Amino acid sequence: MSVAPPCILIGASTGGVEALYQLLGALPADMPPILIVQHIRPGYLQGLVEGIGRKCRLAASIAADGAVARAGRAYFAPDGERHLEIDTRLVCRLQAAPAMNGHCPSVDALFRSALQFSVPPVAVLLTGMGRDGAEGLRALRDAGATTIAQDRATSVVWGMPRAAEELGAACRTLPLDQIAPALVRLAAPGCAA
C-alpha cells in the first residue's frame, strides 16, 4: 500500500503543447496539483494556459511566487528568466537563476526542487528537443519517485525522453494516450506504484 503523491511534475518542449492538451484533457478534476514546465516562445504561454483552462477539467494558471499548489489545478512555469520550483509545503517558488540545459525555466530545476519530499511526486517527461529534464528525472527516480517518459512513437521529437531512457531515468516509457490513465491510477491513495 502506498500514499498518493503530493503533486505531479511535467516537463515538455517541442510538440509539448499538443501533448499537454491531450494529457491534461484526459485527467479528472480531482488530481493532485500539477506543475508544468513547457519550453515555449515568449508571449505564447498565456494563450496555452487559457486554452487548457477552457478545454480541460483542471483549472490552469501561470504559477505565482508564493502560491500554494492546490489539487485540481495545473500550474505553468512563467516564460522568462525564472525557474519554477516547488517546496515541501507545495508552495510555488520562482527563482531567478541562470539557464539550465539552455532553458529558463528548466524542467531539471523543477524536478530537482522536489528531491526533498518525504513522499515523492510523480514526474513525467514528454516530447521535446535536447536533454532538459532527463537528469532531474533520474534523480527523482533514485529518490523513489515514479517517473514516466513519453515513448518514441508518439513523441514529436524524441530528444528529452530519449535522454531519460539513456540514463535509465524512467520507471515506465508509455505512449501519450496511456500516460493520463497511469497518472489517475498513481494518484489514487493505496495504489501500487
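In case you wondered, yes, glycine gets a Cβ from its N, Cα and C as well.
Residues or ranges marked as domain 'CheB-type methylesterase' in TrEMBL: 8-190.
Residues or ranges marked as active site in TrEMBL: S13 (among others). Sequence-distant contacts of S13 (active site), defined by Cβ-Cβ distance under 8 angstroms and a gap of at least six in the same chain, are Q38, H39, H103, V107, L126, T127, G128, M129, G130, D132, V157, G159, M160.
Taking the Cβ of H39 (active site) as centre and 10 Å as the limit, one finds 25 other Cβ atoms among all the protein chains shown. In the three-state DSSP reading, H39 (active site) counts as coil. Annotated active site per TrEMBL: H39 (among others), in sequence order.
D132 (active site): 29 other CB atoms within 10 A of its CB, across all protein chains. Annotation note: D132 (active site) sits in a coil segment as assigned by DSSP. The active site annotation in TrEMBL covers D132 (among others).
In the predicted model, the domain 'CheB-type methylesterase' (8-190) has a mean pLDDT of 97.
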